[in-house]
Structures are given as C-alpha cells and as structure tokens.
Amino acid sequence: MLGGINLATLIASLMVAAVPILMAATGELVAEKAGVLNLGVEGMMIIGAVCGLVAAVHSGSPALGFLAAAAAGAALSLVFALLTQVFLANQVATGLALTLFGLGLSSLIGQGYVGVKPPPTGRLEIPGLSDMPVLGPILFHHDVWVYLSIAMVAVVAAVLRRTRAGLILRAVGENHDAAHALGYKVTRVRLLAILFGGAMAGLGGAYVSLVRVPQWTDGITAGAGWIALAIVVFASWKPWRVLIGAYLFGGISVLQLNLQAAGARIPVEYLAMSPYVVTILVLVLISAERGGRGGNAPAALGRNFHAAR
Amino acid sequence: MLITLEKRPTPSRGWAIATPVLAVILTMIAGGVMFALLGKNPVEAIRTIFWDPLFNPDVASYSRPQLLVKAAPLILIATGLSLGFRAGIWNIGAEGQYIMGAICGAAAGLALYPLEARWIVFPLMILAGALGGLLWAMIPAILRTRFRTNEILVSLLLVYVAQALMASMALGALRNPEGGGFPGSRNLSQWPAAANGELVANTGLHWGVIAAILAVIAAEFLLRRHILGFDIRLTGLAPRAARFAGVNPDRLILLCMGISGALAGLAGLFEVAGPAGQISIDFASGYGFTAIIVAFLGRLSPVGILLAGLLMALTYIGGELAQFMLSLPSAAIQAFQGMLLFFLLAVDVLSNYRIRLATKGAA
C-alpha cells in the first residue's frame, strides 16, 4: 500500500500500460539489430493507432483493427525502407520525416473519429488461473495482447539467438560489407526487418487507441514511440531487457497517474513530465555505466549500404 | 536493363540546387492527389496555398505581412539546427528550446512589470530568452559530451518536459493575477515596454525578422570564413579526418547545440512577446519541428534556409486560407509538409549518385 494505492492493481495496470512501448520497442530492436535506425517509431505508432481505431469501429471487430494497424504501420515503414534502402537517404532525417508525416496524416484520417469509442477488447478468462487469489488479478486477468506482447519478446529472442535467420540478420547489422561478400542480401534482410518494426509499432499504437485510452484524440501516442527508442538503448539491444525496460516505464507512468488521482501535493504537470525525465535519467545512467564505449550497439547501426561494384 | 547507382566523388552542384525545386514540384503533385482524395479540387487547393496568399487582392493585404511573421521563427531555428546537422550533431528538440526561450524571456519581462523603461525590459527579455533556449540545449549537449548519452533521444524527450513546464507556468507561476483565474500570462504585446510589435506598419516586420536575417548573415560568414565553420563542415564530411586535424568533437557539440538552442530560444521570445502575446497552454505550435524540414529544404545552407523558411511560411498561411475557403482540414497541411521532406530526401540521391543503366550480366 502506498498512500491508498493498491499494489496488486498497480502491477496489473503497469502490465497493460507497458504493452504499446513493449511492442514498438521489440519491433525497433529487430530493425536496429539489422543495422537500421528508424526514428519514425512515433509516426508509425500513431498511424497504427488511428487506422486500428477506424478499422475496428467500421468492422466492429477489435482483432481486425489490430490487423489493419499492423498493415498501416508496415506500409508507412515501407516508405522509410524505400527512402533509406533504395534512395540511400540519411536514416536520421528520414525517420524524423516519418514521424512528422505520420502525426499529420493521423490527425487527417482521425478528424471524423475524435472521441469515438471502439468496440471493447475482451479479457481472456483462463479457467482456474484467473480465479487464483492475488496472482489471478495481477497476471491472469488481461486481454490477449498483454500475453502476445510478452510472447513476441520470447520469439524475437529465440529467433535472433538460435536460428540461422537471426544470425544472418545480426551479421547484416554488424558488418554489411562482410555479409554482402558472403552472399547475403543486405537490402532484403533490412527491408524485412524494417517492415517487422513497422508492423509492431502499428500494433503498439492500436493498443493505445483500442484498449488503453480507448478512443481517438490527436497526438494520442504522446511520445511513446520515442520512449520505445530509448528503451532499446536501455536494453543494450537485448530482447528480454526490453521487457524489463518497458515494465519499468509502465510502472512509472501508472504510478504517476495513480498519484494524480490520489490527489498528491505535487502539481499534475510535474507528475505528467516524470516518465520523460525518468527515461532521460535512465539513459544517462546506462551510458555512464558503459563509459562511452557505445555498449552493445550493432556496429553498422544507422549506416547505409551501397554495394560498390 | 538494370538501374544502378554510382557514387559521385563529390555531390553535384547543379543537382544540389535543382533537387529542392524538384521536391517542391513533386510534393505539389502528390499533395494534389491527397487533396483530390479528400474531395477538393486539387488545382484550386494548390493555388489557394501557394498563389492566393501573395497575389489574391482580397486576402493579400492580410496574408502578405503574415509571411514574415511565420517565416522568422522557422528561419531562426533552422539556421541554428543546420550548423549541428552539418556536423552530424542531431538537436531535434528545438521545439523544447523554443518553449523554454519563451518562458524565460516572458518571466524576465514580467518580473519587472509594470516598468515603463523599454530600453531595460526588452533587451533583458531577449537575453533571457536566448539564455533559456541555450541552457535547455545544454542538457543534451553536456549529457552527450560527459556521458555519451544519445543527444537525439534526450533533446526530443525534453520537448515533452518543456511542454509540461509551459502548462504549469500558464496555470501557476506566470498566470495573470488580473486574469480572473483564466490560464495564461499577462499579454506582453499590450505592454509597450515588452511588446515585439510591427516595426513598419503592414509589413509583418518585427524584431524576430531582423534577428533571423542577422542569424542568416552570421551563419553564412561562419561557414565561409570562420575556423568554426570549417571545423563543422570538415566534421560532417570526414569525422575521423577532423579529429586528426585537431577538431575537438566535444567542443563542437557544445557550440552547435548551444547556438541552435539560443536561436530557438530567441524565436520563442519574439513569438511570445509579439504574435502570440502571452504564455498559454497552447503556445507551442510545432515551429521547432517544422524548422527541421526547413533546414533540409534549404540544403543546410543559410541562404537556402532563408528561401525555404519563406516557402514553408507560405504553406502555413496558404493552409490556413485553404482551411477557411475550401474547408481543407488543418492536418492536411501538416501531412503536406511531411511529404515535402520525403520527396526532398528521395530526390537527394540524384546529387550524391549517378543513375546508370547497365545491361544485365555486365555488372
């Protein structure tokens, strides 16, 4: 108990709060492991959020909404892929363009949907487990996406570590010239990694507009995409650490919301900025600990590949 | 037949000038398609955005002065950003520095209210505004040089912190005590000692415009004639060579971030004391982000940024006009500006690479 805040509900709601960043960060991790720095996560998330909501409202099915969100996120990331992989544009600038364009396009698509409620996403009742005392409400009272987001971390971790495809992807991210010399299709691998990142960001955005809020307002993702990028750095490009980072962040944002609701004496604005301040502090701690060695970052991160023949 | 790209030894000068023009034309075409999809006449929409604000006699008398008002903050911010971008230093949190400049500048002025000595109040506000932006930019800069923390993420995350601070100032410390409890500070533009009003009637010329022009001239001089400009260009082209030539990368980060922060802060101050008038919850208008597009559209060169800033200001004014006359949604213009950056980045390949047609197998 913390000033009237129930710990069990806190943990249960932090698992929900973490889902959007967890999804987006898992996707971005794969892209960065392939050597691609896509700063457009925020843009892809918000496009996923609006397209997911529109699709869910019209079809009446949240699942179709999520599917549309993944497709929309991937479609926007395809623009990024085209610019950086074919036209060899600067990745930082292109990622920023993606975010700026995504924010504009999302409010354009969403103008008729401000305040519209999507169909509810049902909770998964697991017989036996959901009724357990304490652990039941904390762990087994969520919608399917909470579990899927954790499962995606496990899948990504396993694929990157244990499969041939994962090895090729990492090779492309570490040294694209060597990977090219070995006959791997650098551009194709990166294209797929970018699309996966886009689809995951789209799903994360849809979780905001379909489950977490759930409705549409302009700028609904409120920097979640940037925090996802920060969490990849925090995680030293390791999938399971992404999970820890996302839950840590989820915990802070839930705690500050609870403090706001509990009427803490700290002004609302200062509580609202706390997740961003904490993210910055964590970034500083991580980089200070590494002593400027760049940590575990893929060696070719952010560098474009052009096969000189 | 196969299309291949061949890297040019040095970027083509001709294409460097032609690509922004080409990008603008492509954006107009793609934007026209977008407007058509929204059920508007594309030709009419493009004309309303790019032609009417300047040449339609019914509206030009209002919208022409607006051109300078909107362009000044964009040019000020973009000029600062371009220095860092050239050297591979990514300050993308100019929006936050712009807000902090406005807060600090307004606070410095309001502390002296109701003093009538303009020669004290206004210069002090300008100083405080620049300092506010500078200090806010120093956070990512020092974290970068001291701990190697990624400046892209820190500067961007600080935008959200600055926005929250702005809201807290409008509701708390800087709230107008005579405002009847409404959020927002005293109106600076109605206080003669602090107002950044029009210097020549009906031109839109205010002190921010003069600052923007001075910034462009100073940046042009810096890049062409000053050792710091040489260091910036060298670091951008060949970071390792620059280090061997004795360029201190940490010093360059602090300088570039500091200059861009101070200019963004100035832009915020001139905005809050003039066109916006007061600190309010919805003060931030995205100039700090649009300036990133302006910097690239101007090819990171000061004179280019001057032209790009005017063009981008035109899309703002034309967008408002299209919103009013064609009921085009305001978000459409934001998407339009984002598209411009896409096309710019895409056609840039022409200045860095040669397009070659090769028969298959010959490669």
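Positions of Cβ are set from backbone N, Cα and C atoms, glycine also.
According to TrEMBL, the transmembrane segment annotation covers B:15-38 (among others).
Sequence-remote contacts of a segment are chain residues at least 6 beyond its ends whose Cβ falls under 8 Å from one of its Cβ atoms, and for the transmembrane segment (B:67-85) they are 53-54, 91, 94, 98, 203-206, 208-209, 211-212, 215-216, 219, 222-223, 232, 256-257, 259-264, 266-268, 270-271, 274-275, 287-288, 290-292, 294-296, 298, 300-302, 305-306, 308-310, 312-314, 316-317. Marked as transmembrane segment by TrEMBL: B:67-85 (among others).
The annotation transmembrane segment is assigned in TrEMBL to B:121-143 (among others).
Sequence-distant contacts of the transmembrane segment (B:152-174) (same chain, six or more residues past either end, CB-CB distance under 8 Å): 90-93, 95-97, 99-100, 102-103, 106-107, 110, 136-137, 139-140, 143-144, 183-185, 257, 279-281, 283-284, 288. The transmembrane segment annotation in TrEMBL covers B:152-174 (among others).
As annotated by TrEMBL, transmembrane segment applies to B:205-223 (among others).
Sequence annotations record features per position, and here TrEMBL assigns transmembrane segment to B:252-273 (among others).
According to TrEMBL, the feature transmembrane segment maps to B:279-298 (among others).
Same-chain neighbours of the transmembrane segment (B:305-325): 20, 24, 45, 48-50, 52-54, 59, 63, 66-72, 74-75, 78-79, 82, 212-213, 216, 290, 293-295, 297-298, 332-333, 336-337, counting only residues six or more beyond its ends whose CB sits under 8 Å from a CB of the stretch. Annotation comment: TrEMBL describes B:305-325 (among others) as transmembrane segment.
Marked as transmembrane segment by TrEMBL: B:331-350 (among others).
Looking at which of B:15-38, B:121-143, B:205-223, B:252-273, B:331-350 has the most CB pairs under 8 Å to the transmembrane segment (B:279-298), the answer is the stretch B:331-350. Of the two recorded stretches, the transmembrane segment (B:15-38) lies close to the transmembrane segment (B:331-350), with three or more CB pairs under 8 Å once pairs fewer than 6 apart in sequence are set aside.
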